[in-house]
């Protein structure tokens, strides 16, 4: 059921992309993508590891029967989001006014866009609280199902009723309204399902531990978000809005290549964790190979369909304005195929306690991506950003692949290669 919810969310996101591209056109869709990328980066501090921390702490408190700190944790999380969101909103509005001119974004569009920062953070926090209390499916529904559905329905109504094309301002206003509605629903769900009689407590030492844990849990995910959005931001600053729109669309479509890997991660990681904990090297190696083979087979099949049907599909589904995105799509497919080929290396290393390796390699990959974008975008535009992306993806996953080989003695790829004994990790 959880898999069905996530797949539904992916399908709705693609449907949203169709509505946005059709309703805005290439240039305005590029402006929307540029602003939303800035919002995504600004949201990192506002929810820096909080969802994972809340799930872990509430789950452990339920198992141990020590619920006295749960209310203190959630109060602290809300204060943290409030402070960081206020700073992020001010930074977003100011930066957009400095980076963009009036022809690309106005103050009201920036204000509506900035309001997404607390809405994203609070919505994800509510979902994490529900999942921590044991309502796993209910916790997934607001973020992965209701949020894209509400946005898509509101956007569809606006597209039908609007006499002209939608504007960037109207799209962000619709998105903010739909997210506010979903947040309200998640608040009601939480109020109905979770006990609200817990005592408010949580001393200063607990807050320090929570802050440290949130930073540790959020570092890797934050760097991944940064690595996945910095190219759009740099493209928006150094190139045209149309180039941003073409790149954003190509990135969204090509990302479906890794859907098989994401799906297999959901199914396999609990088993991989059990094999690693029991030191069952043979079962761990076999499970990794099966996971990588299925994920890469799916990625290859999707990539083949996109390569063959890409030119016609881009024109028919998204509009003739987006047909120039096909070469960019082809470049990005190579990077996502490499991502699928190397398997779930980051998740596997994190599970094995090698978070510092993942953090260091991910940070290096993000820096490499930014540096390559700086060199390639002025000359090649969106195609240069795509080349930078595939180089950084391949380099990052390749280094993590080698680390997993040395650390765990397994090959996280579909090739039938012999295993070696794991090498002790000094960070443990």
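Cβ from N, Cα, C; glycine included.
Curation does not apply to TrEMBL; its annotations are automatic.
The transmembrane segment annotation in TrEMBL covers 7-26, 32-55, 76-99, 105-125, 168-194, 215-237, 249-273, 294-319, 325-349, 356-377, 383-404.
Tertiary proximity for the transmembrane segment (7-26) is limited to same-chain residues at least six positions away from its ends with a CB under 8 Å from its CB atoms, namely 32, 143-145, 148-149, 151-152, 155-156, 158-159, 162, 165-168, 171, 241-242, 245-246, 249, 252-253, 256, 259, 263, 317-319, 321-322. Taking residue pairs at least 6 apart in sequence, the transmembrane segment (32-55) and the transmembrane segment (325-349) share fewer than three C-beta contacts under 8 angstroms. Against the transmembrane segment (32-55), the recorded stretches 76-99, 168-194, 215-237 differ in Cβ pairs under 8 Å, and the greatest number is found for 215-237. Count of Cβ pairs under 8 Å against the transmembrane segment (76-99): among 105-125, 215-237, 383-404, the largest is for 105-125. Taking Cβ pairs closer than 8 Å, the transmembrane segment (383-404) reaches residues 227, 231-232, 234-235, 247, 250-251, 327-328, 331-332, 334-336, 338-339, 341-343, 345-346, 348-349, 354, 357-358, 361-362, 364-366, 368-369, 372-373, 375-377, 410-413 in its own chain, all 6 or more past its ends.
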